[in-house]
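Asker: My questions will all concern the structure given below.
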Amino acid sequence: MLKHFTLFLVLQYFNRKDKPYWYIDTHGGAGVYNLEGSEAQKVGEYRQGIALLRQAQNLPAELSDFAAHIQKILPSPELYCGSPWLAQSLTRVGDKLRLFELHPTDFVHLQNNMGEAGLGKRGQVLREDGYKGLISLLPPPPRRAAVLIDPPYEEKQDYWRVTETLKSALKRFESGCYLIWYPCLSREESRKLPEELKKLVPDNYLHAELHVHAPKADGFGMHGSGMFVINPPYLLAEQLAANLPALTRLLAQDEGARYLLDSKIR
């Protein structure tokens with residue numbers, strides 16, 4: 001949920017200005033998921049995340065707004081929101097969306113789901129490698145863009161590809177807002193990724209992690225997730241600081257639940 005909440009805050013900030021922007025998603029997935037037909041992982045994510053948010057009360061302002069927005073765009077509890085679905089609901093008529101998905105089945109689902117959402121001419125769903133596709137789009141014509149990079153990290157090379165893609169992206173479009181999601185795992189690549197990203201932008205980033213439980217003794221499985229934002233909105237650190245304590249309490253599965261927030265914003 002950290003990913004979607006952070007994306008929600010960033011796009012809300014972009015909408016404050018009456019200037020168009022692009023939203024680019026390197027790994028769009030299916031866009032939205034029907035839990036009755038989804039894999040157990042999606043069902044688990046829903047029950048341990050959005051389902052708890054739907055039932056929560058006395059939330060901080062931004063979390064309450066997020067919960068209300070999710071209820072608005074997904075009135076059925078059988079549906080689980082993906083990033084493209086959330087982004088299309090927040091972007092405006094003059095904004096553009098570019099959604100990449102390489103997996104053939106997910107690509108078809110993404111096309112169909114975004115069509116049903118009324119994406120129309122302001123968006124494109126592209127069956128391409130999202131890393132390469134991102135670079136081909138930069139810089140976008142309006143010179144304003146929010147870019148979500150959230151590969152599955154099922155292969156170790158994804159960690160390397162994220163950093164290498166960002167090196168190229170920043171050379172072409174230094175002022176873009178890049179949101180990088182990653183899983184919190186015991187594996188070395190996961191633990192090192194934030195430090196590698198800080199080397200790219202040592203003075204203009206926000207780094208947040210939310211651990212829902214302590215790492216397992218055997219070292220397997222996710223115990224949380226992280227978001228690293230390059231060129232973050234100036235309000236984002238303050239907003240997350242006000243909301244992460246409540247979000248951590250809401251999602252906590254044991255006493256090892258905690259959050260981390262670190263930023264340098266110029």
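Placed from the backbone N, Cα and C atoms, the Cβ positions cover glycine too.
Pasting the feature list from TrEMBL:
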ACT_SITE  Asp150  active site, proton acceptor
BINDING   His4, His27, Ser83, Glu101, Asp129, Gly130, Asp150  S-adenosyl-L-methionine binding site
Asker: How big is the gap, in Å, between the Cα of Gly130 (S-adenosyl-L-methionine binding site) and that of Asp150 (active site, proton acceptor), rounded to a whole number?
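Answerer: Here the two Cα atoms are 10 Å apart.
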Asker: Could you tell me which of these recorded positions, Glu101, Asp150, has the greatest number of Cβ atoms within 10 Å of its own Cβ?
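Answerer: Counting Cβ neighbours within 10 Å, the top one is Glu101.
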Asker: In sequence order, which residues at least six apart in the same chain have a CB under 8 Å from the CB of His27 (S-adenosyl-L-methionine binding site)?
Answerer: Phe100, Glu101, Gly130, Ile149, Asp150, Pro151, Pro152
Asker: Return the count of C-beta atoms lying within 10 angstroms of the C-beta of His4 (S-adenosyl-L-methionine binding site), excluding that atom itself.
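Answerer: By my count, 21.
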